[in-house]
Amino acid sequence: MGNSSSTPPPSALKNSDLFKTMLRTQYSGSVKTRRINQDIKKQYPLWPDQGTCATKHWEQAVLIPLDSVSEETAKVLNFLRVKIQARKGETARQMTAHTIKKLIVGTIDKNKQQTEILQKTDESDEEMDTTNTMLFIARNKRERIAQQQQADLAAQQQVLLLQREQQREQREKDIKKRDEKKKKLLPDTTQKVEQTDIGEASSSDASAQKPISTDNNPDLKVDGVLTRSQHTTVPSNITIKKDGTSVQYQHPIRNYPTGEGNLTAQVRNPFRPLELQQLRKDCPALPEGIPQLAEWLTQTMAIYNCDEADVEQLARVIFPTPVRQIAGVINGHAAANTAAKIQNYVTACRQHYPAVCDWGTIQAFTYKPPQTAHEYVKHAEIIFKNNSGLEWQHATVPFINMVVQGLPPKVTRSLMSGNPDWSTKTIPQIIPLMQHYLNLQSRQDAKIKQTPLVLQLAMPAQTMNGNKGYVGSYPTNEPYYSFQQQQRPAPRAPPGNVPSNTCFFCKQPGHWKADCPNKTRNLRNMGNMGRGGRMGGPPYRSQPYPAFIQPPQNHQNQYNGRMDRSQLQASAQEWLPGTYPAXDPIDCPYEKSGTKTTQDVITTKNAEIMVTVNHTKIPMLVDTGACLTAIGGAATVVPDLKLTNTEIIAVGISAEPVPHVLAKPTKIQIENTNIDISPWYNPDQTFHILGRDTLSKMRAIVSFEKNGEMTVLLPPTYHKQLSCQTKNTLNIDEYLLQFPDQLWASLPTDIGRMLVPPITIKIKDNASLPSIRQYPLPKDKTEGLRPLISSLENQGILIKCHSPCNTPIFPIKKAGRDEYRMIHDLRAINNIVAPLTAVVASPTTVLSNLAPSLHWFTVIDLSNAFFSVPIHKDSQYLFAFTFEGHQYTWTVLPQGFIHSPTLFSQALYQSLHKIKFKISSEICIYMDDVLIASKDRDTNLKDTAVMLQHLASEGHKVSKKKLQLCQQEVVYLGQLLTPEGRKILPDRKVTVSQFQQPTTIRQIRAFLGLVGYCRHWIPEFSIHSKFLEKQLKKDTAEPFQLDDQQVEAFNKLKHAITTAPVLVVPDPAKPFQLYTSHSEHASIAVLTQKHAGRTRPIAFLSSKFDAIESGLPPCLKACASIHRSLTQADSFILGAPLIIYTTHAICTLLQRDRSQLVTASRFSKWEADLLRPELTFVACSAVSPAHLYMQSCENNIPPHDCVLLTHTISRPRPDLSDLPIPDPDMTLFSDGSYTTGRGGAAVVMHRPVTDDFIIIHQQPGGASAQTAELLALAAACHLATDKTVNIYTDSRYAYGVVHDFGHLWMHRGFVTSAGTPIKNHKEIEYLLKQIMKPKQVSVIKIEAHTKGVSMEVRGNAAADEAAKNAVFLVQRVLKKGDALASTDLVMEYSETDEKFTAGAELHDGVFMRGDLIVPPLEMLHAILLAIHGVSHTHKGGIMSYFSKFWTHPKASQTIDLILGHCQICLKHNPKYKSRLQGHRPLPSRPFAHLQIDFVQMCVKKPMYALVIIDVFSKWPEIIPCNKEDAKTVCDILMKDIIPRWGLPDQIDSDQGTHFTAKISQELTHSIGVAWKLHCPGHPRSSGIVERTNRTLKSKIIKAQEQLQLSKWTEVLPYVLLEMRATPKKHGLSPHEIVMGRPMKTTYLSDMSPLWATDTLVTYMNKLTRQLSAYHQQVVDQWPSTSLPPGPEPGSWCMLRNPKKSSNWEGPFLILLSTPTAVKVEGRPTWIHLDHCKLLRSSLSSSLGGPVNQLLS
């Protein structure tokens, strides 16, 4: 190869990027030698560029024998021969010897023979090689740095573009000459390539090469770059379909003719820049096209046969820099092949563009029948992919959860309970299971479908269920019920072979069917008989036997499904077991055990039987078609019934819906059979009905005789009685005889005397003894307390004393009894006693000691437990009180003392500790309730006896009435304990279900207290209760109505109580599981244990977050949720191992550095509680029960990295950084300053060209230095809108708001943990909005007040100086001396100013009229606004100041515009224009229009008077009343006014609740009277009645003083007389207008316009004429002025502010208007115009436009 030139060392040649760059340039095709050598010298400065050595080295390379080298070397040499022949003459001489050396050494560096040839050089060349190697390495380092910054990419593309242009020009010249020769040599391989869509002719690429020779190896491959061994031939023009269009691409691989037949060689030809641009356009858009990206890249690389270098070249064009950076570090090293690189880039895209998942749509996906399981899963795959952007194979757990949760609830529960390991199964394994359970569900749904039919008395038809009797539902509050058994006729059995002398009906010999004596006595619905015992009719379903009759196994064979009565009676005697279940509803008379009676009750012809109801014998119609028993209120004989409040609408015999009222349980008797039922009462029914409910309860059998009689057969009845004959029967009385009588409390006031030393009570040091006087007690309460205090004194519980202390007592009457109990208010004593540590365990901890194996329970209630512990004499003085002049004190622990529970519990524990080893059962003690739980009955009885004997010996008293002895179901601590677990008491369920919607605060508290005790049974108690608790904090008038959200929460809590599950008793020997979740404001969890392979709940735990926790990111909120749930669960697990299931990496969050979002104390609590050794955290791989139970969960997020997500969410934007951005668009410095009570903010910008700083923003303001810093940073963000910016600040507060705390405060509503607003919350909220405006932003913290010459130091100093100057930027007031100078720069007049400056003189570019300046039109508004100033000067002041220096024709109009748009002036200025007052329309007659109002007359009853005034005549009606409510108003109208004066047309009143109540409005609506309500807060709207109120009170006071009467009601008639007789302004009195004559008084006895001697007709005619004249006189005096129309809807107004912080508030948009009132947006009531101030734009159309329209 030659030794005249040095060779780069092999280590340098291994740089594949440089090598590939050289090859792309070297083999471009048509570049001159000089340009190639210049480019090579630029890339490799150590290589010589003598072109003369090119021919020598090329010739040496061609002459090397191929058989003397290896196979790889032969491939290279063969390629060089091809290139030499293809590039004849000048083209061949362009390749340098060093290029050939690099090519050979770079591609065959593993070949030892070739390496030795290249290293044989002269000794002088070796020294040069050493130097060149060092320089070459340095050059490579610089090249790598340049490649990282991507600076050389644009230059290389430009070079390639120029080369391509030169190549195209050269080829166009030779096309005609070579075309014919090419067709002759290569007729098959020559292809015509059309011009591509990027405008470049590429047809010469395949034809520009001359034929060359090759060896037997046509697939040339040199380092995977020069040729492609994968494809021997690649078409030069490929068409790729994209969105229906054809795009043609040229290849980076070219086919060159070899000259040996049709063989071609593939030579690499890099992508052109224009081709790369086209490929970038065709690439799927990011991030939407990430799912199609891998397929598109693979297809493109396969078509072009690209290698790793081509992938990198294409990646630089289509992928952003962050994606390429991520792709380079995914596997920690370079990808092994092209496919690996493609996969790396796709993975990097998914990391850089995280999928935005619509989890709401995914969670809402549900199964839609009749889909199969396979169709359902396929549909789920489509929904999951479309809404998450992920294939389900990449998110298996969320997809499986989505599929399982979308199934019907019953199918989901069956799937999870029947397959505990379902979460570990795959989708193909789950599909058969889902199909199985879906099939089961469809079959169950088909069974329960029923045909509707309206039944009588509206009760569902009960069905017979095997031998268990009638089973069905009972009526609810629904108005109608329509159910029917879906009966199908049973198939008739074949007649079989019946002997000729045998009856076909009864199968008895001796007669035939027609003469069968049993036919007329057939029972109804027996066998296959038809209705009424007739054969062949529609058959009834065979009904089973009564529950207490057990037929033999062969009864069907024996009787063939048919029986008559005699057979049934005989069989009953054989089948009777002697006893029947205790739950049997029949209450039989007590007879000897074992006896039985069968009763036949013969009905009358009217199908009636005699029934005794509450000792009243009545006839009742037997109706088997009636569902319910009904008592008729209109019958001849009606029994006494106690009715309830339950009422339904039922369909009776009349086929019309009739109301029925439910009666309380009533005892009825038929013959000797007694039963308790709850009949329904119909007051309009004339007969009594004995329905199917009572007949089925008595097991009655109805049959019909041949003569038409109907017989009711009552089966045998038996007694229920307790006996000790069986093993499981306990005689309680005999068992309790073994205990002494002093153990039992005989009276409610009986107390025990515990054998413990008296208790000494210590008080705090320097505490003053309270002495609170007893307020007087009413006589009835005093007499009610006297027996109680006397009894307590006789027992020594109370003693008389003289004490410095005294506290009051309160008598409380017992519900339903004429007795009182005493409440002693000891709060003052509780405040002075020394504190004690409470040792009373919670009910939850007490019950946690029970084991699931304990099935027998005994509950012992200690009577008056506190009173059994004595108090030392030295401490008794503390509890003194006064009663009837005597002072008493307690000698025992009193109720209400803060330490009574603790002291009693300590004494009881000490007492029971003595028998600790004598009892093997579990003992639970809570205050005075003792529970004994045992595994078996005998142990329980034995330990109970030991306990009771010990209590008797220790001086306790036990309540025998409350004793629950040896039962499997007991009531303890308000819960029902059973072997299965804990249940809610049925009485509590009934109380909750019947609880009406609360309308007062007290009712809400009562409801929350009722359901709050059962919160462990309610999965989402805290979520639902918070809506009701919000109402407690509101200051709302009672009664109120709950909103829709509160009603929904109320109903959900009721439903949760009524459908509560059974909670199992925790087993300490088994591990616990805690499934956790959380909503936005509450934590949710369920504590479970596995029993018999099933996960069963122990308790549902929920708790509300505080303000801090509510604003945390989801992952940290999960930590808070688990911590709260664990705190509640500790009372159950008691230190046992616990497995916590969660979807968050809790341990990772706690073990990393402490987050700035959580305080150190809170984080320490989390670490101490959540990192305990007995806790195990498990990632949920299945659907958490907490998620299934919780319907309000808002935190469902896909799988994620908790640390990364917390870091991302804690900032206002994900790309926010604190590191400088390279080459930003702007570099800003912000700073704030505060001094002498004033603040200022400034922003300066760095100019890199001149390296200086300019001020781009300055503003005064800021109540503190922190506020000024926030304003400065917000201004900097606003100035960098849509730009990349680096913002430097020296404020740690502003930096922390942006990076650490601001986003967290925004999430929790800018409040502290105490609920108070955060300081500067408005500025922080504004800053968080502004920081979203830049395209990319980095906020960097720098040190303040440092010295140096760096850009950061100088920029911060400039910002600090600008902020200090901004403090003193104030609004200057224009003065005469500087008026002209201040406007020199803006005095630019336009064409519109010509008409305003007419006649003015121009001086120095300013128009003057005398000494006054005529400003330009555009300046006028700014000048007047400045004069308006901070103090908001009025129009006269503005005009006066303006006229001193300026003049303009539009000045007054502009001032009006400024004042009309100034919000502050509109709020505080008085109303500028008085309004013409309106009047009421003239009524048509007297008492057609009334005004009413309440007025308070005194403080004693009757306190109020209802004043009613006739608007036409002013006739007053004043009625005293005790209350001012709606019922009083309705009573007076209906009993006094309307009967006396008739129905009015209209009634007016204010909007008091007594007038707006529903009863008042419905009353007037029903009688056709219009009730008009006046505008609130405007007494003049009710002026007539308001003036009457004032007159009335004044006259009452004067009359009382004149007549010396104390009661105002006594002088009211005289006042009414005077008011009705006094003439008004028209000269007529109300009496004259109404009666047609003056009222006769002492002074007017002889005055009358009528004559007594007239006839009746004449008198009436005169009276009519006189009334008409009076009425016309009233009409003439009535105001007739008309009011202008009201403001137009759509205009704006201000409303009077009642809070007086400003005179007016608003503005408000007017929606509707009348001449006197308006309806505005946001206010529910009409507003009188006296309370409105219309904006000027609403009154004058000339002032309604913008400024430019106003002044044009």
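Glycine residues also receive a Cβ, built from the backbone N, Cα and C atoms like all the rest.
Worth saying up front: this structure is predicted, and the values here are computed from it rather than measured.
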Report task. Out of ASP1290, ASP1300, ASP1393, ASP1404, which one does Swiss-Prot list together with ASP1231, GLU1269, ASP1360 for Mg(2+)? Result -> ASP1290
Query raised in the report: In Swiss-Prot, the residues ASP928, ASP929 are said to bind Mg(2+) 1. Which of ASP825, ASP861, ASP987 is said to bind at that same site?
Result: ASP861
Report task. Do me a favour and check the Cα-Cα span between ASP1550 (Mg(2+) 3 binding site) and ASP623 (active site, protease); whole Å is fine. Result -> 58
Query raised in the report: What does DSSP give as the helix, strand and coil breakdown of the domain 'Peptidase A2' (618-694)?
Result: 3 helix, 40 strand, 34 coil
Report task. Inside 10 Å of the Cβ of ASP623 (active site, protease), count up the other Cβ atoms and send me the figure. Result -> 20
Report summary line: Excluding its own, the Cβ atoms lying within 10 Å of the Cβ of ASP1493 (Mg(2+) 3 binding site) add up to 24
Query raised in the report: Given ASP623 (active site, protease) and ASP1493 (Mg(2+) 3 binding site), what distance in Å do their CA atoms have, once rounded to a whole number?
Result: 59
Report summary line: The correct three-state DSSP answer for ASP1493 (Mg(2+) 3 binding site) is strand
Query raised in the report: Under DSSP, is ASP1550 (Mg(2+) 3 binding site) helix, strand or coil?
Result: coil
